[in-house]
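Read the structure below first, then the notes.
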């Protein structure tokens, strides 16, 4: 019976992969040259003009790309906005995404996807524990699910994992995930899909973080793209007052594409005017930045929404019309935008206690995960799996003592601009996101509890005991003399 189920999973995966490759052939993949994105067919410079898209909130376990009715409702609205890219924070890798991905492709919209979920991510409390084979199985299964879609622009290995000076040690494990993802993509013979990191704009370590993820002699361990969550331009600001001029200097020698993975300060009296669009898509910034994504599509509790959703009804807010107007009137720079062809990667920052505590020697990939490189990740486990459950459990006491930390890094941190300081005097408070804050711990705990209700005996095994299917999968394969 189990073998029959696993065989069925193989057939389903093959069918979805075939649907993916046949549905997106008309969408040219995006490739990287120097520090810029380019259309692989036309050769034109590609600038991200997008929005962050996660109806229900970015720490929600709901997958917006697995519900055909949601995509039928929202994609025409996204098309009307004039965008070419969406960023999605959480997906269920066990679901069928072919309808939504095809609809996005038909409307010229690319996807940047975070591979983590609120219950499967690198834990800030114990990154070493959460970096385990079961976590990587979930990451690799997400890659398997989406890699055949040409309109997947890239994957984020982490989002705002480093949200304070005290969490810089987690960078070591996120960088290991970058390495593992890039090696997995190569081993599975997928096209060269960019893998990056989305950073909080924290003055104390933003330069160190950028350098760290782009340093070292091992190319697979260096990111392909760097996203910055930046809320420094508020209202009718300017290139200098907002601090954008400082960011230009900071990243001017960066060898991979840099873009704003979240932007759109809402600390304004009424609606957001989005005057920063004129700067972002100008020759003043195009030599370094490749566009950005506005936070966010749907209006949630933090009031950053462009639209209000009520069932199947979408109401466009004033912010939507303002952004649409800015996108429509501001063209991309002509030619290649002055991009750099330099491939000089950064020098690794030195370890310094209390300042930068990331190690330049990365941990070896968990040995149990090596089988996935030849066989694939196996059956996707979806959002019901909690790969950091044992890590969170042993840190319960720490959670009670530290209200400001978040327990995972799957989406954005609960207060992006509070942690992401800038030269601008304003402070933004982006309240929902992928790395649940202490106030959101109950969501993560509930999901973990639901997952473990029938697996209470696994706790003694550590994180490796949480996902059993892949181990059984490998054992059966070996029994039938399959090469893994």
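Glycine is no exception: its Cβ is also placed from the backbone N, Cα and C atoms.
Just so it is clear, the model here is predicted, and its values are computed rather than measured.
Listed by Swiss-Prot as binding (1,3-beta-D-glucosyl)n 2 are 201, 206; the candidate from 160, 276, 278 that the record includes in that site is 160. Binding of (1,3-beta-D-glucosyl)n 1 is annotated in Swiss-Prot for 159, 295; the matching candidate from 89, 351, 372 at the same site is 89.
Here (1,3-beta-D-glucosyl)n 1 is bound by 89, 159, 295 per the record. The longest Cα to Cα distance in that group is 14 Å. Residues near residue 348 (disulfide bond) in space but far in sequence (CB under 8 A, at least 6 apart, same chain), listed by position: 211, 212, 215, 216, 360. A distance of 39 Å separates the Cα atom of residue 359 (N-linked glycosylation site) from that of residue 299 (N-linked glycosylation site). The Cβ of 71 has fewer other Cβ atoms within 10 Å than any other of the disulfide-bonded residues 71, 234. Distance between Cα atoms for residue 166 (N-linked glycosylation site) and residue 100 (disulfide bond): 39 Å, as a whole number. In the three-state DSSP classification, residue 295 ((1,3-beta-D-glucosyl)n 1 binding site) falls within coil.
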